[in-house]
Amino acid sequence: MTARIIDGKIISADLRGRVAAEVTRIKAEHGITPGLAVVLVGSDPASEVYVRSKHKQTQEAGMASFEHRLPADVAQADLLALIGQLNADPAVHGILVQLPLPKGLDSNAVIDAIDPAKDVDGLNPVNAGRLASGLFALTPCTPLGCIIMAKQVHASLEGMNAIVIGRSNLVGKPLVQLLLNENATVTIAHSRSRDLPALCRQADLVFAAVGKAEMVKGDWIKPGATVIDVGINRTPSPDGGKDKLVGDVAFHEAKDVAGAITPVPGGVGLMTVACLLVNTVRAASAIHGLPKPGV
C-alpha cells in the first residue's frame, strides 16, 4: 500500500482562492478592506523570506498589506509603541510580529501587547484561553492548517484516536484544543514520553510536531492512519551537496504504511500563510460585527 499524498500546494491554493472571494464580498457589501500588518525586527534571512511571502499573498488576496521594519537593536519600548499604534489603527485588522525576535527583546511582552482581536498568530494568552474554553478565538495558523489537511481525508474527525507529538504553545497545545473541539480522542506526547512508538500505533491520526528530523519511523504508524507532518528540518545531503528538508516523520518508510500523509516540503508549511489570511478575514469580520466568513 502506498499512502495518498495530502498536497499542501493544492489545498493552500484553494484556501487562498476562497479567502480572496470572501475579501471581494466584504469589500462589495460593507466597504471594508481587511488589513494585515507584519512587523519584522532585524534582518534574519529566513524571516525576510517569510515576510515577503506574506506580503505577496496578502496582496494577491485583495487585502491591504502593511510592513514595518525595525532594526535589530530597537528598544523594547519602541517596539511596544509601534504595536500600540497598530492596535489603534482602524485600517489594520491583523498584527503579526515575525518571530523569533533578536536577543534582548521580550517576546512574551510583545505578544501580550497585541490586541487579542488583531492577534492573527493566535498566541496572545486571551486567545489561548478562549480556545481552551471552546469559545471563538483566533487560532495559531499551523494547527489550523493541520486540521484543514486532516479534513481533506476525513469529513469528520469525531471519535478518532489522535496523537499530537509536541507540546509547544505554537503548535502542539493549540492543536490538541482544536482536535478536542472536533470531538477526537486526543493523546498529547513529546520526545520524553514513554514508549512513544506504542502510543503512535494506536492512533488513527498522527500529528508530528516535535522538531526532530525523521524521528517518527514507519513501524510506528498504524496501517491506514493519516499522518500530518509539521516538522521542517534541514539535514546534510548524503552526497555532500545542498542540505535537504525533511519532516519529523521518516516519509519514505511511513508512506508504505499510512493511508494518507503530508510531504515535506509541500505539506503543512504551505498552509501556514494561507491560514494567516483566513485569520485576518475572520478578525476583520469580528471587529466590524459581521457574520463569521465562509472560510
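Every residue, even glycine, has its Cβ placed from backbone N, Cα and C.
Summary of the site annotation: Swiss-Prot records NADP(+) binding at Gly166, Arg167, Ser168, Ile232. Screening the candidates Ser156, Ser191 against this entry identifies Ser191 as the one listed for that site. A simple way to gauge crowding: the CB of Ser168 (NADP(+) binding site) has 17 other CB atoms within 10 angstroms, across all the protein chains here.
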